[in-house]
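Heads up: the structure comes next, in structure tokens.
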Amino acid sequence: MKLFGTDGVRGKAGDFLDAITVLKLAKAAGIYFRKHSTTNKILVGKDTRRSGYMIENALVSGLTAVGYDVIQIGPMPTPAIAYLTESMRCDAGIMISASHNPFEDNGIKFFDNHGNKLNTTCEEEIENIFNDMDLMQSEQVTGRDIGSSKRIDDVIGRYIVAIKSSFPKNLTLKGLRIILDCANGAAYKVGPTILEELGADVITINNKPNGFNINENCGAMHPETVSNLVKEYRADIGLALDGDADRLVVIDEKGEIVDGDNLLGALSVYLKNENLLKGDACVATVMSNKALEDYLQKNKISLFRSNVGDKYVLEVMKEKGINFGGEQSGHIIFSDIAKTGDGLASALQVLALIIKSGKKASEILNPFSLYPQILHNMKVTEKIPLEQITGLEEVLKPIRQKGLRDLIRYSGTENKIRLLLEGKNKKDVEDAMQTLIAFFKKAL
């Protein structure tokens, strides 16, 4: 059975992610982590979905069945789990969340003892254990070897201190009015607390989770609400998080949504000017606009590209010795601060940039114009390997000769193919996209 997608295990709660499957997955993960165990503790956190209770209990049952002691810390951002796993010296951390997805979905993300997301090889090992019923049965423990579980509710303070310490000590948020959208998700407590303790005037919305309203017409996927409130309250900036707070969307004082690539560009140059950008380089994904690459090049900053997914961004960052990277979608990684995308840590760096510049958000966060880019998602019945599709290279050749950049890939979680085209001339991009769509309608 295939379990892992592009970001952990994810699916409809009670269907793909039912209690029995989760319990088996927990046992398999526990068996895997015990091979390298030092403390025999695993940390478990979750976002605010109703199904989190069911999945949490199934995880605890599976982990304790193979001898692990479990620490449950309740609703916390995904990056907090990554940080606390290492800070509390656990063998692993587990986050129950489907990020920006609706409440019906849920997911499970695993972190190693250093707070890093598991790589594909580790995930495959867990899948192999999951599918080996004899091994699963033989590793079950009895008597005094069965693990324990306890709930700790005060670890939120550790994460708050860690994130606040990433903000320059000589700066304050006093005088800044901020609209914060918590998406009725995991940051509903910690988000406002951090900004208020640093002195900001915070107007918080969507901070009343009820188990069903996470990401519902709010948060990073629906920043238009924040946009309207920024204008209404004459705020200096708007910040929209997603359900597990690993993603950030920024809205400037005019109510305009800041593009993710512009944000990466502005932050890269800021970090370089502060002598905080290792190797004068940044990592973005294959989805990022080439205008970002050209802008960074003008500022003598190298850009490396990774596959889509913040764990792949981090892999390239480690490989190249780089401490900053992110995705167009709002996952931004400051590896000196956090081991994964962290919406709140990113927000503080954006605010530091604005304060130090002495300029308004709109003047500093949009340093370049994006090249025309079209992303089209097509449903497919079968994911035929691209290299096996007859005629594809012939279709792409004239497109590339016009100087257009193409990216064609299948979705990791849905039966869809994603077609991305980008170039300096909008009409060329539009015409080429129609050609591609027509081709794939016949080919797939």
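Every residue gets a Cβ built from N, Cα and C, even glycine.
The candidate list SER87, SER99, SER369, SER411 contains one residue that Swiss-Prot assigns to the Mg(2+) site with ASP242, ASP244, ASP246, namely SER99. Taking all protein chains in view, 35 other C-beta atoms sit within 10 angstroms of the C-beta of ASP246 (Mg(2+) binding site). In sequence order, ASP47, PRO77, THR78, SER97, HIS100, GLY185, ALA186, ALA220, LEU241, GLY243, ALA245, ARG247, GLY341, GLY343 are the residues of the same chain, not among SER99, ASP242, ASP244, ASP246, whose CB sits within 8 A of the CB centroid for the Mg(2+) site.
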